[in-house]
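Provided herewith is a single structure, encoded as structure tokens, for subsequent inquiry.
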Amino acid sequence: MKEKGYLLLENGVFFEGVRVGSTQDMTGEVVFNTSMTGYQEILTDPSYADQIIVFCYPLIGNYGINDVDGESEIHALSGAVFGEACDIPSHYESQSSLVDYLNKYNISGLVNIDTRALVKIIRKEGTMRGKIVSSIHEQVAKPFFTHKQHTLVEEVSVKSSVYFEGGSPHIVIVDYGYKKSIRTSLQAEGCRVTVVPYSSSYEWISSLNPDGVLFSNGPGNPEELSYYYPTIKKLSESYPCLGICLGHQLLALSHGASTTKLHYGHRGGNHPVKNLKTNKVYITSQNHGYEVMESSLVHTSFTATHLNVNDRTVEGMVHTRLPVLGVQFHPEAHAGPSDTSFILKEFIQLVKENAHAAS
Amino acid sequence: MPLREDLKTVLVLGSGPIKIGQAAEFDYSGTQACLALKEEGIKVILVNSNPATIMTDPIMADEVYIEPMDVHTVTKIIEKEAPDGILPTLGGQTALNLLINLKEAGVLDRYSVEVLGTSVANIKRGEDRDLFRDLMIEIDEPIPQSTRIHKFEEAFEFAEAIGFPLIIRPAYTLGGEGGGIARNKEELADVVRSGLNASPISQVLLEESILGWKEVEYEVIRDANDTCTIVCNMENLDPVGVHTGDSIVVAPSQTLSDRQYQKLRDASIKVIRSLNIVGGCNIQFGLDPYSDEYKVIEVNPRVSRSSALASKATGFPIARIATKCAIGYHLDEIENPITERTFAAFEPALDYIVVKMPRFPFDKFTNGDRSLNTQMKATGEVMAMDRTFEGACNKAIRSLELNQFSLTSENYHHLLNDQLQQLVAHPTDERLFLIAEAMNRGYSIEFLHEITHIDPWFLQKIETIVRLENSVKGSGVLSVAQLWELKRANISDQWISTSLNMTLEEFRNMRKMTGVYPGYKQVDTCAGEFEVVTPYYYSTWTGSDEVPYEKEEKALVLGSGPIRIGQGIEFDYCSVHATQALRANGVKTIVMNNNPETVSTDYSIADRLYFEPLAVEDVLSVIEKEKVSQVFIQFGGQTAINLANELSEYGVKIAGTSVNTIASMEDRNLFYQTLKKLGLPAIEGAFAYSIEEMKRITTNLSYPLIVRPSYVIGGESMHILRSEEDLASYIEQLQVSSDRVWPMILDEYKDGKEYELDAVSDGENVIIPGIFEHIERAGVHSGDSTTIFPPISVTHEEKRQMVEITEKISKDQGIVGIINIQFVIQNGTVYALEVNPRASRTVPILSKVTGMPVIEWAVQVQLGTPLSDLHHELGLLEEPNFFSVKAPAFSNGKLGGVDHFLGPEMKSTGENLGLAYTEAEAMGKAVSMLLPTEGGLLCSFSSIDRTDRLHSLTAFVERGVTLYGTPGTADYIEGLGLPIQRVTRNVSEVETLIEQGFIQMVYCTPTKGRDKMRLGYHVRALATKYGLPCFTHIDQLALTQLEPEVPDYEVHSLQHYHQFNVKAVIK
């Protein structure tokens, strides 16, 4: 009954395990996440589009899947690899098991994998593509993998604007594959929110009369979206803006900075970020494969506000003249710590002050 | 902010003797603190009265004071050393209490000593129940609701508002007497009535019960810049109601959603901020299994047992980092020593699961009350890591050394279903095995959850183990796939082989032939995200082996496993020193151990650390993987010695003393024959396999006799029989006991002074660093006796004989390494009572007071260096010019139903050492017990103790102390011409006397019967209950002759004693 399955990596190494969920062969970039909790949030984060997520922590699914913790309705990921996927969960909120969930949403999964050994390969050789398959024999002759990255954001962004009732101010989220928690955090602060497609024009967004604009997280290489830099730049010159993750990278790029791919990315809930003004360190939730190059900020009016304590990469920046800031980490948490939830509050404050000054 | 330059000298407070609730974890944290300070160039002053610790090694601090941990003594140390700062948060409750006392006595202000890390006011806010409650209300963190009431009716008003169940705690009663849980109005009426009666101020605390909630702990660390990080969170398998020290604990939490995890994380940070802690802090929560509601249960504003566990579970050294924070560093300035490329400002990510299990003393205290509640009872703990819960759980069970290799146990087959259900519902140390028994009988997880409140996730996992165990039983042969499935859950080789009717060796060979091997993985704090060099490993059967094989000669040092009565922290001292000695001699050294509290399981001690069970199968796997060339077994206590024989059968080379010699030292008959062969005095004795044989044997022996059954029953394993009458009544008693007592060992009992020594032998020569004299005569376990060094009442001739016996045995038996010999001297004849072919409890003391590297020598002779190359002097070394007195410390009051009299079974959990230039002062410091100068001394001497020696009690009368005596004792003492008040045999009348403050101290020696029916038992229990000093052996009269006032003694560091050891200098 247990069907064997394999994760075949681009470098020729393969891991044998047991298939769970969909038995469809799937390819994607193989990335690892070090979080010990929050698998439901991770599985539903659209930023994982075209990626196979390896869970470092071996016991996943213990508290099941519930109705509240999904970060989107989309399952953009290509697949998931586990040490163990719990099929008899225990939690008062649990609605189904992880295994049932994978089945229901047709997600290709593998269990009984030595995820640590796999993670060490990725750490050493860098992120690479891989394929979850049922047989490795027939793979030998096949050409390796197909890229489809240019459509990633297209796949996960809303197709038309969606309005969410609330008070003031009014925030427009430019959706590159946003996590629900970004919106609910804003709503919890009293905001009304409009989520617009990533391809929305400046004119369209202006017509919504936003008090502030938030560029969301999303999958893939930010440079694939170079066509939209002018729009983003113009928006940032007109409204208070916050960029989160991919949104932060796009803000930097649109102002002339450059980005580069990290060796194996930052994915987890334990990344230390230092505020360069106060020297305080916050533990943040992160999920990104690209970074804004610090050296490139000199070409812009942005200065770095936050650095990663471990590898000194840029984690946050602020514009010297405009009410515009970006953070590489996820202040909305879910999964992960909410140490930096004040970033969203501060942004709303900035928006309010700006609105006040303008009136 | 970097290091504070104004701190030149820092005083570190240790935690004193090991007690239940305060064990080796504070040696680990204290050692880390000392090292962390020293490497910054700070002068470290350490005070700790516990000589078995590694932290009190002279190399750990610039000045090591092995002195009493009281205000008087520490004030003198402060006066002398003028420290700039004091660090109290790494020495447990003892250090915190001492700090508060020092503050309140004005000492810290008088000498301008700054409290580092966390202020006294904030420590108090964390520690004091009421202040803590106010603080939580202030910062809006939920705590169980409670109220103090004086009137019966008020209880019902509170119950109306809060609902049931409620916990009732009477104010100012000992051991929670008169309290309890009320589930309804009727029970509330009963408990409140008894609680109000029991409380001397007629006050009870009513508290909302969260019994059955999930218990979750967070280890938080904070720096002076307000950066906070969570090192680890842990979930107790046992829900709220069982002390966390007695609970099975897993890390990280398993059944909390991310939202719940983060909610409690946020709360933890809020709490540590409100207490303004700089350093480590432990916060315990109750979490409702049916909502996200939680309550803060407790905060420890210091490094704790849990933080030692969290440090070993994650690899993140909390005590070290907390110390760095206390002297000014910010977390992002401190390198993470595991990765060496990241910083302490981050949160460890685990890619394995950790299971901690407590080790209980009920194998020693079979009469003890095994029920688990909020009073901790475990003496130690084990930790296991694996990539499955089942695996970690099974490894932890093997690590406990209960001779248990599975969850399924025949021990519970005899229970009726009703009994079983009762036992499962009420937590005891055996509950895990009882649950397995219930599962084997078909009880459902739902039902078991209902009666235990253990989360179904854990029960599901336990059931998986039980199912897998059963799957082997029936099968005649296993497929490779089945084998892998079993081993993924780390089902023991022992269980599988027994179930398949194979020997362990046969099974292991078969398993290896089929290619089923464990892999070893690294503990790296970061789930593989960064490349890490730390050599800290665990085994798993779920994946590949990532530990590279290095082709050089390797030695393996076996540690001593969990702390238990009779095997304490002293063996960790020995293991660590042996490891360091091997490394200093250029030998690549591997350590295996499973005790998370200890220094030996710090990744920096050995070249490689394997955190593994010390069962034969686990040790062999490491030996095979590493191709270890020899194994050092003399330093890990009985745990390591017990493995010698089996390892050697597998062809493993044991360093030093041969396995045959070990066997002939441990076997009573062989030992006797050796003594006879060498022409040495031997104590006559024999084995008896039946009552008839026992009777026959005793005709050839002379009374008194000491009898020892093969298995301990009823905590009364050893008896001294003084006459045929005693024998008859003993036999009568035996007839109702089990068969497991046979064979019985009968020895002539030599009622003489007892001595012991530790020696290093190379097979030719010996070095004896010193001889300890026991204050109590033979018959008291050496671990429980008060001992003095150098000996005070031994003749030159007797010493010569002890040395001769040591030399003869060592040479004849080919002892290579260390040996411990116990002697009894009767009428000028020296008898060797017992030879332990291993390091002993006295080794750390001896090493420290003589300054001789005893363990290092032992290791070097095992590596082949002759003793004459190691030291210029052989034989018995020159005695120092000062006295060292070791006194036992008991965990009385922690264990219900245990009678703490001194006898042949060891009962103490730790020890104090007193150092001074006079024996009286050294004794005073060691006993550190204030003798009463007024009030009453209650005497109850057994008939054999009623001798002229009781004249010594005159000293008390002269001081103005009133003597009270039980009827027989009073008669006798009156006969000696001393005034004494008679008490009746009525226990409650005696208790009333104590309650009313008439009695300050108890002297109560046990009679032969030692049963619970006797008055003496109850008198000693009352002393425990009311925390009164209690002497239980007649020879302790010597201790009562000390000066009652606090003597104005001198304090000296160990370094001072060494420097001014005049005798040695003259020589």
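Quick reminder: no glycine exception, Cβ is built from N, Cα and C everywhere.
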Pick the one from A:Ser47, A:Ser72, A:Ser78 that TrEMBL also lists for the L-glutamine site with A:Gly218, A:Gly220, A:Leu246, A:Gln249, A:Asn287, A:Gly289, A:Tyr290.
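Among A:Ser47, A:Ser72, A:Ser78, only A:Ser47 appears alongside A:Gly218, A:Gly220, A:Leu246, A:Gln249, A:Asn287, A:Gly289, A:Tyr290 as L-glutamine-binding in TrEMBL.
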Largest pairwise Cα distance, Å, within the listed L-glutamine binders A:Ser47, A:Gly218, A:Gly220, A:Leu246, A:Gln249, A:Asn287, A:Gly289, A:Tyr290?
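Across A:Ser47, A:Gly218, A:Gly220, A:Leu246, A:Gln249, A:Asn287, A:Gly289, A:Tyr290, the widest Cα separation comes out at 14 Å.
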Using DSSP and three states only, what is A:His330 (active site)?
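DSSP assigns A:His330 (active site) to coil.
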Quick one: Cα separation, A:Gly218 (L-glutamine binding site) versus A:Cys245 (active site, nucleophile), in Å?
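The separation of the Cα atoms works out to 7 Å.
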Write out, in the order they occur in the sequence, the residues of the chain not among A:Ser47, A:Gly218, A:Gly220, A:Leu246, A:Gln249, A:Asn287, A:Gly289, A:Tyr290 that have a C-beta within 8 Å of the mean position of the C-beta atoms of the recorded L-glutamine site.
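Close Cβ neighbours, site residues excluded: A:Tyr176, A:Asn217, A:Pro219, A:Asn221, A:Pro222, A:Cys245, A:His288.
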So, in DSSP terms, is A:Gly220 (L-glutamine binding site) helix, strand, or coil?
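In the DSSP reduction, A:Gly220 (L-glutamine binding site) maps to coil.
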If I take the Cα of A:Gly220 (L-glutamine binding site) as reference, which of the active-site residues A:Cys245, A:His330, A:Glu332 has the closest Cα?
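It is A:Cys245, whose Cα lies nearest.
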Please list the DSSP helix, strand and coil residue counts for the domain 'Carbamoyl-phosphate synthase small subunit N-terminal' (A:3-133).
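DSSP composition of the domain 'Carbamoyl-phosphate synthase small subunit N-terminal' (A:3-133): 26 helix, 49 strand, 56 coil.
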Check the Cα-Cα distances from A:Tyr290 (L-glutamine binding site) to the active-site residues A:Cys245, A:His330, A:Glu332 and tell me which is shortest.
A:Cys245
Distance check, please: Cα of A:Glu332 (active site) against Cα of A:Cys245 (active site, nucleophile), rounded to an integer number of angstrom.
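So the alpha carbons of A:Glu332 (active site) and A:Cys245 (active site, nucleophile) sit roughly 11 Å from each other.
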Including all protein chains shown, what's the count of other C-beta atoms within 10 A of the C-beta of A:Asn287 (L-glutamine binding site)?
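There are 29 of them.
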Based on DSSP, name the secondary structure state of A:Cys245 (active site, nucleophile): helix, strand or coil.
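Its secondary structure by DSSP: coil.
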Does anything in the same chain, at least 6 positions from A:Gly289 (L-glutamine binding site), have a Cβ under 8 Å from its Cβ, and if so what?
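Counting only residues 6 or more apart in sequence, the Cβ neighbours of A:Gly289 (L-glutamine binding site) under 8 Å are A:Glu29, A:Val31, A:Thr127, A:Asn221, A:Lys261, A:Leu262, A:Gly265.
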According to DSSP, does A:Gly289 (L-glutamine binding site) fall in a helix, a strand, or coil?
strand
